[in-house]
Amino acid sequence: QGGGSAVIDMENMDDTSGSSFEDMGEMHQRMKEEEEEEEGEAGAADDEDGEFLGVKGLRGQLGRQVADQVWQAGKRQASKAFSLYANIDILRPYFDVEPAQVRARLLESMIPVKMVNFPQKIAGELYGPLMLVFTLVAILLHGMKTSDTIIREGTLMGTAIGTCFGYWLGVSSFIYFLAYLCNAQITMVQMLSLLGYGLFGHCITLFVTYNIHFHSLFYIFWLSVGGLSTLRMVAVLVSRTVGHTQRLILCGTLAALHMLFLLYLHFAYHKVVEGILDTLEGPNVPPFQRVARDIPVVSNALLNTTAKAAALTL
């Protein structure tokens, strides 16, 4: 209690300025709980990552399966394409021909053979016949355009292609069937080649007559040029057929179809009626019109008299 002494009263001291032992324990307990919570959250996050990795693995496996299926499908398509190329390669010998050979065969198609005692040789190639069919399509299309042909269903190009290829393939198949029945020695490729080269006369005739509108000129070319090409085919078939009846059936059918097809191509796509009217009456004459007329009624007595007179005369 003196002036120089200092006595500290521990009981009256305020403990709010520091931390007690209990406070330190509470803080340690709280920190431990926070660490446990953080470990729990980390474990949950690891579980979620594991599940996510599992889904990703499943998706990766499905992706590999899909890629494998796509690869197998592409491999099958490639093998099909290779086999198709191999099949096309089989047809290559039928189109492997020199231009000089095609020119010589075109000239030979207009010269009938004389020796029919032994089978005549037929070129087993399709390049020349195919080009002749396309040439006939172009000439026929030109005739359609110059004659103002109107096609209600389809197009001019489709009609020309269908007509020419239909005749070439259809008649070749039909004649080959007849040749099989008549025991003729000819194959389908040879028949296609023979009939295809036989269209050379048709191309010449139609090309001239579509540009020069004279029907007398057409008949001259029809008998001369078309007849020569037909005789060539007939002579070749005669040399490869045994039996007079079989020759008559086979060659007569081919000649009739070939010559009638040329007539059809000329008159179906040509200005026939308009050209005749313009030649006879002039271009300014109005078209003909049909006028209905009354027929006078004849009495029964007159009919009976006429019938009796005719009977007495007989």
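Including glycine, each Cβ sits where the backbone N, Cα and C put it.
Copied from TrEMBL, the annotated features are:
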- 1-50: region 'Disordered' (REGION)
- 34-50: compositional bias 'Acidic residues' (COMPBIAS)
- 126-144: transmembrane segment (TRANSMEM)
- 156-182: transmembrane segment (TRANSMEM)
- 194-213: transmembrane segment (TRANSMEM)
- 219-239: transmembrane segment (TRANSMEM)
- 248-269: transmembrane segment (TRANSMEM)
Please identify the stretch among 126-144, 156-182, 194-213, 219-239 with the greatest number of Cβ pairs below 8 Å relative to the transmembrane segment (248-269).
219-239
Long-range Cβ neighbours of the transmembrane segment (219-239) (under 8 Å; 6 or more residues past either end)
108-120, 122, 179, 184, 186, 194-195, 197-202, 204-205, 208-209, 247, 250-251, 254-255, 258-259, 262-263, 266
